[in-house]
C-alpha cells in the first residue's frame, strides 16, 4: 500500500495544491517579454548606471540556478506529492527567470557572450557579493535542522533579491526600459508566490518543538536585512534615482511582513516608502493588450513585497 501511495497521486497538502494551481494560472514565458524597444534605452544610461545594472542582472541570472539547487536539497526532507509538485513548478519558473536575465544581459553587453562570461567571472570576486555569499554560506553550514534551513530559504526568497527588484523598478519611474520593467513585474510577482510558499512550508511542515527561539529568528532577520542593505549600498550610491535609505526602509518593511507571515511580531515597524517603485506590481493596472501583455496575476495574492 505504501508503495502505491508513493506513486499514485492523492492530495496530501491542500495549501500547496492551491499554490500549484495559482502557478498554473499565471505561467508566462520569455517570449512574452519584448526587449526590442529597450535596445535604444541602453545608450541613455550613463557609465555608472550601466555598470550597476550589468552587475545586478548578472547576479540575478546566476542566483536562479542556486535557488534551484537549494530547492532540490530542501525537497529531500519531505514526502509529499503536493509539495513536490509545487516546487517542480517553481523550479520551472526559476529557469524562465534565468532565460529572461540571459536575454537582458545579451542586450546590455551588445550580444557579446564572451564578455558576459568574463564579467560574470570578475564579479565573483566583488567584495559586496562575497560578503553576501559568506554570510549565507556560513548560516547554511550552521543550520542544524529542517526548521532553520526553511527559514534561511524563506529569507533568500523574500529578502536577498528585493533590493535588486526595487532598483530595477526605478526604470519605470524614468520612463525607460519597458520590456525590463515588464519582466521585473512578472519575476517580482513570482517571488511573492515563492515567499508565501516558503512561509507555508515553515508553518505547516515544522513542529513548534522543532523551531528555533524567537530571539534566534529575530537575530537572523536583522542580519539578513543588514547584509542585503550593505550589498545594495556598496553598489548603488551615485546611480540615478537609487536612494539606499529608502531601500533600507523597504527591506525593513519586507522583513516585518515576512515575520508576520510566520506568526511572529514585526521588529522594525517600518512601512514601504511612499514612492516605492514596486507599488506598481501590486496595484491594478489598465492594460492595453495591443501594446503589451497583461502582467496582473489572475488570482488574489497577499502582497509579499
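Indices start at 1 and increase along the chain as displayed.
A Cβ is built for glycine as well, from the same backbone N, Cα and C atoms used for every other residue.
Annotated features in Swiss-Prot:
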type	residues	note
BINDING	64, 94, 97	Fe cation 1 binding site
BINDING	94, 157, 191, 194	Fe cation 2 binding site
ACT_SITE	101	active site
TRANSMEM	150-170	transmembrane segment
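Location within the structure of each feature annotated in Swiss-Prot.
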{"residue": "64", "record": "Fe cation 1 binding site", "DSSP class": "helix"}
{"residue": "94", "record": "Fe cation 1 binding site", "DSSP class": "helix"}
{"residue": "101", "record": "active site", "DSSP class": "helix"}
{"residue": "157", "record": "Fe cation 2 binding site", "DSSP class": "helix"}
{"residue": "191", "record": "Fe cation 2 binding site", "DSSP class": "helix"}
Do me a favour and check the Cα-Cα span between residue 64 (Fe cation 1 binding site) and residue 194 (Fe cation 2 binding site); whole Å is fine.
13
Can you tell which of 64, 94, 157, 191 has the most other C-beta atoms within 10 Å, given these are the binding-site residues?
157
Can you work out which residues elsewhere in the same chain, 6+ from the ends of the transmembrane segment (150-170), have a Cβ less than 8 Å from its Cβ atoms?
52-53, 56, 59-60, 63, 67, 70, 74, 132, 136, 139-140, 143, 180-181, 184, 187-188, 191, 194-195, 198-199, 201-202, 205-206, 212, 217, 220-221, 224-225, 228-229, 231-232, 236, 239-242, 247, 250-251, 254-255, 258, 262, 276-278, 280-281, 304-305
I need the CA-to-CA distance for residue 94 (Fe cation 1 binding site) versus residue 157 (Fe cation 2 binding site), whole Å please.
11
Ranked by the number of other Cβ atoms within 10 Å of their own Cβ, which of the binding-site residues 97, 194 ranks first?
194
If I take the alpha carbons of residue 97 (Fe cation 1 binding site) and residue 191 (Fe cation 2 binding site), what is the distance between them in whole Å?
10
Write down the Cα-Cα distance for residue 101 (active site) and residue 157 (Fe cation 2 binding site), rounded and given in Å.
17
Roughly how many Å lie between the Cα atoms of residue 101 (active site) and residue 191 (Fe cation 2 binding site), rounded to a whole value?
15
Suppose we draw a 10 Å sphere around the Cβ of the residue listed as 'active site'. How many other Cβ atoms does it contain, all chains included?
22
Could you name the residues, excluding 64, 94, 97, of the same chain that surround the Fe cation 1 site, i.e. Cβ within 8 Å of the Cβ centre of those residues, in sequence order?
63, 65, 67, 68, 93, 95, 96, 98, 101, 187
